[in-house]
Amino acid sequence: MSTTKSDNYISELRKVIWPIERYENKKFLPMAFMMFCILLNYSTLRSIKDGFVVTDIGAEAISFLKTYIVLPSAVIAMIVYVKLCDILKQENVFYVITSFFLAYFALFAFVLYPNPDLVHPNPEAIESLSLAYPNFKWFIRIVGKWSFASFYTMAELWGTLMLSLLFWQFANQITKTDEAKRFYSMFGLLANLALPVTSLIIGYFLHEKTQIVAEHLKFTPLFVIMIISSLAVILTYRWMNKNVLTDPKLYDPALVKGKKAKAKMSLIESFKMIFTSKYVGYIALLLIAYGISVNLVEGVWKSKLKELHPTKEAYTMYMGQFQAYQGWVAIAFMIIGSNILRKVSWLTAAMITPLMMLITGIAFFAFIFFDSVIAMYLTGILASGPLALAVMIGTIQNVLSKGVKYSLFDATKNMAYIPLDKDLRVKGQAAVEVIGGRFGKSGGAIIQSTFFIIFPALGFVEATPYFASIFFVIVILWIYAVKGLNKEYQVLVNNTEK
């Protein structure tokens, strides 16, 4: 009897720790490996792209890249993707897009990166043009380091195309509903381990004691790892098409048919939906406020990080550490997030994100505005100066904002759709994705880049008071939107329960 109980306990424990059935490992493990490789590249690219742009062009250039290069490039990429889907099989579309990234990584690693003087315009000519046309100096400086700008753009597109689109489209295509409940949470846990692994890789290859290649080519091993990782993604995808999608026990094509496509709305239709429904408008405001507030702090933080770590190698190594912190915190929040949602009200759970942003934002900007006063009081108490402390608090703020995003923020936002009637729920979510997604991600960059065009003499250091003011206004609006949405939410929930 005791043996049976013990076996049952072990079986239940296994389902909690590893909810994948033995026969499903053939399907789950290759998909998890694919996601790990994609995220390994993603986190490596995120660390390197900022290191190149911030140290060689300036932190201010990031807002211009996001607004005027990345956003149009993403639109063009989606148009190309749709066209490819019309003329090729889905499997071949995956190969074409992944091979395009693979070819670019090889081009950058072995041609563009080793020969900056050969591929970039004369620095003196760029500087003289910047002085002659100060309102457009950041555009000119981006052109002056165009290969780094292209790398930044490709890094952003990797996350959009490879992770958000191709991987999840493939996963949704071949995963049954009952499998998804067990697979997807495990994908998140395993894939987030790629972030600390990235940190270890970057820390090793960029360390001053590591002498594998010439000093001016320190990043080459990282590019080679990304190329190998991209090849691994292609080969794993190929193996799955040959061995998993042909196994009737693991994949039934009939299940793919009949899946309803999500409602898609144009920009004008989305605006109409948001302005005519207060409830949907509140949800959109949450998403927009989150995106803008994160971008406003992130820009100032990266400029301070450059002051603390002025070289590409030092900056990228710090960003690698940041990725590790982000990975562990994301895993922790994924574990505790569901428990928080079960034990507190929707309002309390939804308030955690903006209040956390507000408190850490106040601390971050305080260390920037009152650095001399803080330095006077902290001398002899802490080894770190006010700059290092400001960067540390900015790091904590960014890590927490990303960790909370995937657990509490997204969960409470999605819970808000549940009490709506089916039509408003489907159309409202589509409207929020269009407006909230676009304006949230690019809103902060548009504010910053417009400010630098109008006031060309200012950089992040001089503009920080203005961006801090906008940040606090946005967060206060966010808190107002949470309170307003909670009132509407409670009314609908109570009506549903009656």
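Quick reminder: no glycine exception, Cβ is built from N, Cα and C everywhere.
Now, the feature entries from Swiss-Prot:
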type: TOPO_DOM; residues: 1-33; note: topological domain 'Cytoplasmic'
type: TRANSMEM; residues: 34-54; note: transmembrane segment
type: DISULFID; residues: Cys37-Cys85; note: disulfide bond
type: TOPO_DOM; residues: 55-67; note: topological domain 'Extracellular'
type: TRANSMEM; residues: 68-88; note: transmembrane segment
type: TOPO_DOM; residues: 89-92; note: topological domain 'Cytoplasmic'
type: TRANSMEM; residues: 93-113; note: transmembrane segment
type: TOPO_DOM; residues: 114-147; note: topological domain 'Extracellular'
type: TRANSMEM; residues: 148-168; note: transmembrane segment
type: TOPO_DOM; residues: 169-184; note: topological domain 'Cytoplasmic'
type: TRANSMEM; residues: 185-205; note: transmembrane segment
type: TOPO_DOM; residues: 206-218; note: topological domain 'Extracellular'
type: TRANSMEM; residues: 219-239; note: transmembrane segment
type: TOPO_DOM; residues: 240-279; note: topological domain 'Cytoplasmic'
type: TRANSMEM; residues: 280-300; note: transmembrane segment
type: TOPO_DOM; residues: 301-320; note: topological domain 'Extracellular'
type: TRANSMEM; residues: 321-341; note: transmembrane segment
type: TOPO_DOM; residues: 342-348; note: topological domain 'Cytoplasmic'
type: TRANSMEM; residues: 349-369; note: transmembrane segment
type: TOPO_DOM; residues: 370-379; note: topological domain 'Extracellular'
type: TRANSMEM; residues: 380-400; note: transmembrane segment
type: TOPO_DOM; residues: 401-438; note: topological domain 'Cytoplasmic'
type: BINDING; residues: Gly436, Gly437, Arg438, Phe439, Gly440, Lys441, Ser442; note: ATP binding site
type: TRANSMEM; residues: 439-459; note: transmembrane segment
type: TOPO_DOM; residues: 460-465; note: topological domain 'Extracellular'
type: TRANSMEM; residues: 466-486; note: transmembrane segment
type: TOPO_DOM; residues: 487-498; note: topological domain 'Cytoplasmic'
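Put simply, of 93-113, 219-239, 280-300, 321-341, the stretch with the most CB pairs closer than 8 A to the transmembrane segment (466-486) is 280-300.
Counting Cβ pairs under 8 Å to the transmembrane segment (148-168), the top-ranked stretch among 34-54, 68-88, 280-300, 349-369 is 34-54. Across the topological domain 'Cytoplasmic' (342-348), the DSSP tally of helix, strand and coil residues reads 5 helix, 0 strand, 2 coil. Mapped onto three states, the DSSP output places Cys37 (disulfide bond) in helix.
Here the binding-site residues are Gly436, Gly440, and the one with the most other Cβ atoms within 10 Å of its Cβ is Gly436. Of the recorded ranges 34-54, 280-300, 321-341, 349-369, the transmembrane segment (185-205) has the largest number of C-beta contacts under 8 angstroms with 321-341.
For Phe439 (ATP binding site), the number of other Cβ atoms no farther than 10 Å from its own Cβ, over all displayed protein chains, is 17. Neighbour counts were taken at the CB atom with a 10 A radius for the disulfide-bonded residues Cys37, Cys85; the maximum falls on Cys37. The recorded stretches the transmembrane segment (93-113) and the transmembrane segment (34-54) do not share 3+ CB pairs below 8 A when only pairs 6 or more apart in sequence are counted, and are therefore not in contact. A 10 Å cutoff on Cβ-Cβ distances gives Ser442 (ATP binding site) a total of 20 other Cβ atoms nearby, all chains included. Long-range Cβ contacts of the transmembrane segment (349-369) within its own chain (Cβ-Cβ under 8 Å, at least 6 residues beyond either end) map to 286, 289-290, 293-294, 297, 300-301, 304, 340-341, 386, 389-390, 393-394, 396-397, 400-401, 404-405, 408-409, 411-412, 464-465, 468, 471-472, 475, 478-479, 482, 485-486. Beyond the transmembrane segment (34-54), the same-chain residues lying 6 or more positions past its ends with a Cβ under 8 Å from any Cβ of the stretch are 61-62, 65, 145, 148-149, 151-152, 154-156, 158-159, 162-163, 167, 187, 190-195, 197-198, 201-202, 219, 222, 225-226, 229-230, 232-233, 236-237, 240, 302-303, 305-306, 312-313, 315-316, 319-320, 322-323, 327.
Cys85 (disulfide bond) is 27 Å away from Ser442 (ATP binding site) when you measure Cα to Cα.
The transmembrane segment (439-459) shares the most Cβ pairs under 8 Å with 280-300, out of the stretches 219-239, 280-300, 321-341. If you take the C-beta of Lys441 (ATP binding site) and look for same-chain residues 6 or more apart in sequence within under 8 angstroms, you find Lys66, Gly291, Asn295. You'll find the Cα of Cys85 (disulfide bond) roughly 27 Å from the Cα of Gly436 (ATP binding site).
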